[in-house]
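So that you can see what the record holds, here are the features copied from TrEMBL:
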DOMAIN    22-474  domain 'Major facilitator superfamily (MFS) profile'
TRANSMEM  20-40  transmembrane segment
TRANSMEM  60-79  transmembrane segment
TRANSMEM  88-107  transmembrane segment
TRANSMEM  113-134  transmembrane segment
TRANSMEM  146-167  transmembrane segment
TRANSMEM  173-191  transmembrane segment
TRANSMEM  287-306  transmembrane segment
TRANSMEM  337-354  transmembrane segment
TRANSMEM  361-379  transmembrane segment
TRANSMEM  385-408  transmembrane segment
TRANSMEM  420-443  transmembrane segment
TRANSMEM  449-471  transmembrane segment
């Protein structure tokens with residue numbers, strides 16, 4: 001009997017109206033996550049002034065959100081692989097929107113801290129939105145569409161910077177928290193029409209439901225499904241190219257994955273998933289991904305915090321009275337808005353390189369470029385030069401992070417994809433927990449050179465780790 005796979009169907013149908021709707025829904029999820037993360041650049045300073053917080057309490061307000069994102073990234077990844085992508089889309093949206101709004105009503109610092117922690121858990125589902133979208137995209141242009149998808153993150157950061165500029169000038173931080181939760185509320189009415197990933201359904205042997213999703217996609221795209229019956233890993237495609245052991249695993253996994261799925265459905269699913277991720281074939285990729293996710297989060301969120309901290313530090317740590325007159329709240333919002341715009345050229349650059357230059361080389365080059373832009377900041381610079389350097393660093397950091405978020409789901413097979421990416425993302429959030437201690441704590445102690453050197457070292461090692469990734473995934477099928 002003639003058969004076809006999910007990848008065969010996606011390739012024939014191409015990217016159409018159906019995928020555009022999935023892109024819009026998943027993209028709004030990333031807008032919400034970006035706004036909640038970008039919010040941290042503004043929330044700490046204004047709450048510190050209103051409640052007379054110490055620098056340690058100010059940095060803790062950011063760190064606790066990343067701690068929640070760490071827990072959420074792992075938890076949502078496992079739930080996604082075991083109970084479905086749609087389950088995570090709904091639960092995480094309810095948690096983020098509900099507690100995000102409640103945090104605007106916080107009567108004191110401790111209450112705000114606890115509520116923002118749970119918002120962080122909800123926001124930790126961002127990688128599931130990305131993986132869910134990628135599982136509907138044909139392999140041939142997956143890199144380009146991931147970069148386009150990442151523009152939603154940029155929209156979120158620019159929107160939050162604009163919102164803060166307007167709201168904090170006229171109202172209060174409570175209004176900013178409430179308005180920042182709106183994108184998640186917008187998602188809820190449209191949840192009923194969201195499809196489950198056909199790759200997930202196939203991996204769990206629910207072939208009739210997977211076929212129904214593909215038929216719905218074909219109707220929306222005005223295309224036809226391939227002839228035959230949908231199968232999961234029904235045939236193994238090989239070629240004469242010499243492969244590394246891990247490379248071979250990415251192809252032969254087609255024949256083995258049903259056993260893994262059964263294991264993941266057992267009570268020891270988490271243990272079996274970890275064993276799979278750290279198996280001989282995937283260990284090197286997994287460990288390197290963990291470090292690069294850590295470094296990428298540390299650098300990206302650190303650069304966002306540096307934008308709001310460097311000018312204030314120059315004012316407080318310098319005896320030059322010019323600095324006392326230089327920084328005003330309006331300048332802070334303007335500088336943050338300008339550096340947020342840097343994400344657009346970063347995404348355009350990565351889009352041009354990712355499907356031509358490859359995932360590994362693009363990530364490596366962007367990490368080193370980000371390192372180079374931060375270098376001059378080891379010394380105090382004037383405001384214009386500082387903003388320019390942070391603009392370049394953020395552009396490169398955004399591009400590198402985008403390619404990393406594309407590369408990780410391509411490395412892992414469907415049965416452990418969300419769990420694998422979730423654990424890597426969770427480890428990345430450790431970087432988010434630590435970076436406020438550097439970007440806020442060290443800078444407010446007037447140790448700017450030491451803080452920037454830490455960022456330099458982390459980015460340099462991340463670039464080397466990208467070189468050491470064992471496999472290039474450009475053009476590969478995700479299964």
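Note that Cβ sites are derived from N, Cα and C of the backbone, with glycine treated the same way.
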Request  = Verify whether three or more Cβ pairs under 8 angstroms connect the transmembrane segment (146-167) with the transmembrane segment (449-471), leaving out any pair fewer than 6 apart in sequence.
outcome  = no
Inquiry  = With a cut-off of 8 Å between Cβ atoms, can you find at least three pairs linking the transmembrane segment (173-191) to the transmembrane segment (88-107)? Only pairs 6 or more residues apart in sequence count.
reply    = yes
Key: the transmembrane segment (113-134) touching the transmembrane segment (361-379) per 3+ Cβ pairs under 8 Å rule   = no
Stretch among 60-79, 88-107, 146-167, 337-354, 385-408 sharing the most Cβ pairs under 8 Å with the transmembrane segment (113-134) = 60-79
Note = Contact set of the transmembrane segment (385-408) with the rest of its chain, CB cutoff 8 A exclusive, min separation 6+ beyond the ends, reads 127, 130, 134, 142-143, 146-147, 150, 153-154, 289, 292-293, 296-297, 299-300, 303-304, 306-307, 310-311, 335, 338-343, 345-347, 349-350, 354, 359-360, 362-363, 366-367, 369-370, 373-374, 376-377, 420-421, 424, 462, 469, 473
Most Cβ pairs under 8 Å with the transmembrane segment (337-354), selected from 88-107, 146-167, 287-306 = 146-167
Remark   = Same-chain residues at least 6 beyond the ends of the transmembrane segment (88-107) with CB under 8 Å of its CB atoms are 25, 29, 32, 36, 72, 76, 79-80, 115-116, 118-119, 121-125, 128-129, 132, 174-175, 177-178, 180-181, 184-185, 187-188, 191, 194, 418
